[in-house]
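Q: Positions annotated as transmembrane segment by TrEMBL: B:20-38, B:45-62, B:68-86, B:98-118, B:138-162, B:191-212, B:224-253, B:260-280.
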Amino acid sequence: MADKRKTSGLSKRDFMAAAGATAMVAGVGGFPAVLRAQPANVKIGLIHPVSGFIAFSGTQCREGALMAIEDINAAGGIKSMGGAKLEAVLADSQGKPDIGAAEVAKMAEAGIDGIVAGYSSAISLATSQEAAKSNTPHVVDVGVSDEIIKRGLPNTFRFSPGYGVIAKFAVDNLDKINKAAGSPAKTAMIIHEESLFGTGSAGLLQKELPGIGIEVIEVIKHANPTRDFTNIALQIKAKNPDLVIPANYYNEYVLLARTMRQQKVQPKGIYSVLGGAASSYKFVNEFPEAAQYIMDCNHWFNPKSDIALQRKAAAEAKGLIYTYEVFLAYNAVAFLADAIDRAGSTDKDAVIAALGNSTWDKHGMPYGPTKIVGGQNEGGQPVNTQVLDGDIQVIFPEEFASAAPVFPMPA
Amino acid sequence: MSEFSILLPSLLNGITTGALYALVALGLTLIYGVLHIINFAHGSLLMVALYGVYFLAVGFGVGPYQALIVMPAAMFAIGYLLQRYVIGKASHERDENILLVTLGLSIVIENLALYWFRSDTRIVDTPWSFETVEFLGAFLPLPKVIAFFGALLTAAALWGLMTRTDLGKAIRAVAKERKGARLVGIDVDHVFAMSFGIGIACLGIAACLLMPSYYVTPQVGHGFVLIAFTIVVLGGMGSFVGALIGGLIIGVVESLGGLFLGESLGQIGIFAIFILILLFRPTGLLGHKV
């Protein structure tokens with residue numbers, strides 16, 4: 001019987017021993033081999049103000065960033081890391097810099113690989129500062145304050161231009177538009193929201209506009225939120241400037257435009273700089289008459305780029321309004337993902353180095369390949385847009401223009 | 001037009017804006033001033049009403065003023081049910097519990113709105129949104145003029161309800177002596193729920209009159225709720241005429257404050273008045289007895 005057992009197979013004891021040994025070998029070496037075929041996800045922190053007074057913009061940013069992650073994953077993930085998938089880690093800054101910074105600290109503790117944040121300048125200042133403590137790569141999606149980059153934090157990058165560049169571009173092009181029309185604009189009033197973005201933009205414009213022969217006769221600062229803009233509209237009417245230059249967030253911009261119309265304020269032009277609504281399809285769709293002829297100098301996609309038009313169509317198919325928040329946050333994530341891919345790992349120093357020498361060009365923006373200097377993409381530039389017949393047209397620079405400017409506004 | 005010449009238009013604008021604030025505060029003065037329920041969900045329920053007006057307009061083509069037939073009743077039902085089955089039950093008649101329950105409710109309502117409606121700014125663009133009425137050289141937006149008269153009518157109706165009806169008497173009895181009212185056979189829980197419902201119905205009216213000149217987002221109530229509490233205290237807790245006058249004063253102070261101190265600082269005046277009233281006349285302008 002014993003021989004038979006030996007010749008016909010394993011004894012019960014031998015079988016158990018063999019099975020145990022096999023299980024142990026598999027447990028120690030076999031399954032990890034299988035797991036190694038599924039590389040660990042790359043965790044990207046997305047910190048946006050999805051509640052609070054700028055929730056609309058924050059939500060748009062989040063949607064854009066998530067679209068980018070979805071597209072990158074669908075295209076095979078981070079190829080140099082065996083197709084590792086991007087994983088979004090979401091947080092809400094509630095529109096408050098301190099909460100944004102606290103979310104960065106939590107994410108750093110949890111081992112995040114990179115952060116895209118935080119829509120407003122004030123929040124971006126706080127999140128990038130906090131991310132610097134853990135050397136976490138941080139890409140600013142929208143925040144335009146030049147201070148964000150000027151601090152020289154090695155972990156902080158911005159793909160889109162800051163307001164120094166935007167204000168200069170806005171003033172130069174306003175000069176061209178004004179001169180082409182016979183210089184009808186000689187005075188301007190600036191209406192801006194009170195945070196870093198509005199105050200900083202207004203300060204730069206106030207300094208630059210006299211250089212092109214436009215006197216700034218009044219600068220009005222308002223709170224967020226402002227429930228009623230009648231007083232401001234009345235003051236604009238009293239001063240009767242040739243140009244009204246708003247720099248504020250969407251809700252306030254809408255109320256301002258609505259009230260100016262109610263109070264029959266008719267300047268020669270409304271020329272926004274980073275205006276929260278004049279470059280928004282939402283505003284144009286909801287107020288086609290009030291929006292007509294408003295010009296803006298803002299972030300915008302290249303209307304002649306197939307990449308941009310495909311992404312716009314994809315966003316609209318999801319029911320999104322294709323605002324600048326959507327495509328800037330999309331590009332911020334894609335810019336970071338490209339760097340991780342080139343770094344071939346999530347090693348923070350390697351990713352930061354890859355961001356610094358990026359020449360990425362799949363952005364659909366009127367930029368050219370990225371050229372990072374001190375964290376800022378120096379190739380980034382805004383464009384001038386104008387609302388014409390219910391659509392937003394690019395009017396400057398000429399190489400990207402889809403229409404000619406109409407100025408002064410017809411009465 | 002000089003800066004001095006916009007003083008009158010600014011004053012008139014303050015009055016019409018104040019009427020909108022008063023509309024929001026009228027319901028609160030009933031809930032907070034009479035029943036002493038600190039309803040932190042007032043702003044969130046205003047938001048619900050504004051979304052109601054928006055969806056009626058967009059989904060069914062019902063204009064904001066036509067919605068006046070539906071919205072007050074719908075908001076009354078929401079208010080009644082909330083008080084009867086959520087706030088009343090969860091609070092166990094303890095003021096601190098009511099405060100926490102309404103605060104919790106406001107957070108839940110806002111987050112549900114964020115989940116369902118996203119944070120998009122929504123606007124009802126009516127043909128009359130840009131119509132103005134010229135008065136003493138000032139252009140007064142028609143929706144605000146209508147809101148002004150709406151506030152007067154609502155305040156009068158609430159005053160009539162409280163002083164001329166059995167329900168009003170019951171509300172006052174319950175507010176003054178809850179146990180005594182129960183002893184004489186008044187259904188206290190029903191009266192509380194009715195009062196809360198009426199207060200929230202006022203938000204339905206406010207939303208219909210506000211929507212043609214404002215917007216709605218899940219956070220929109222924040223901008224109104226603190227102002228509404230200030231108006232209730234300023235006017236005198238429980239006084240509808242006081243709420244109306246308080247609203248108009250706050251509107252004027254905000255408007256003129258913005259004109260002379262700058263738009264960022266203009267709202268300081270509101271809170272300065274609030275502190276002064278608390279210091280020198282804690283019962284408010286028209287007292288709190290109903």
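Each Cβ is built from the backbone N, Cα and C atoms, and glycine gets one as well.
Values in this document were obtained by computation on a predicted structure and should not be read as measured data.
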Q: Of the listed stretches (B:45-62, B:98-118, B:260-280), which one yields the highest count of Cβ-Cβ distances below 8 Å with the transmembrane segment (B:191-212)?
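A: Checked against B:45-62, B:98-118, B:260-280; highest Cβ contact count belongs to B:45-62.
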Q: Are there residues at least six beyond either end of the transmembrane segment (B:20-38) with Cβ under 8 Å to its Cβ atoms? List them, or say none.
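A: The answer is 46, 83, 87, 95, 98-99, 102, 144, 147, 150-151, 154-155, 158, 162, 171-172, 174-175, 192, 195-196, 198-203, 205-206, 209-210, 213, 224, 227-229, 231-232, 235-240, 242-244, 246-248, 250-251, 288, 290.
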Q: Taking contact to mean three or more C-beta pairs under 8 angstroms, with sequence separation of 6 or more, is the transmembrane segment (B:98-118) in contact with the transmembrane segment (B:138-162)?
A: no
Q: For the transmembrane segment (B:45-62), what are the same-chain contacts with Cβ under 8 Å, counting residues 6+ beyond its ends?
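A: Distal contacts: 24, 70-71, 74-75, 78-79, 109-110, 113, 117, 122, 124, 126, 200, 203-204, 206-208, 210-211, 214, 216-221, 224-225.
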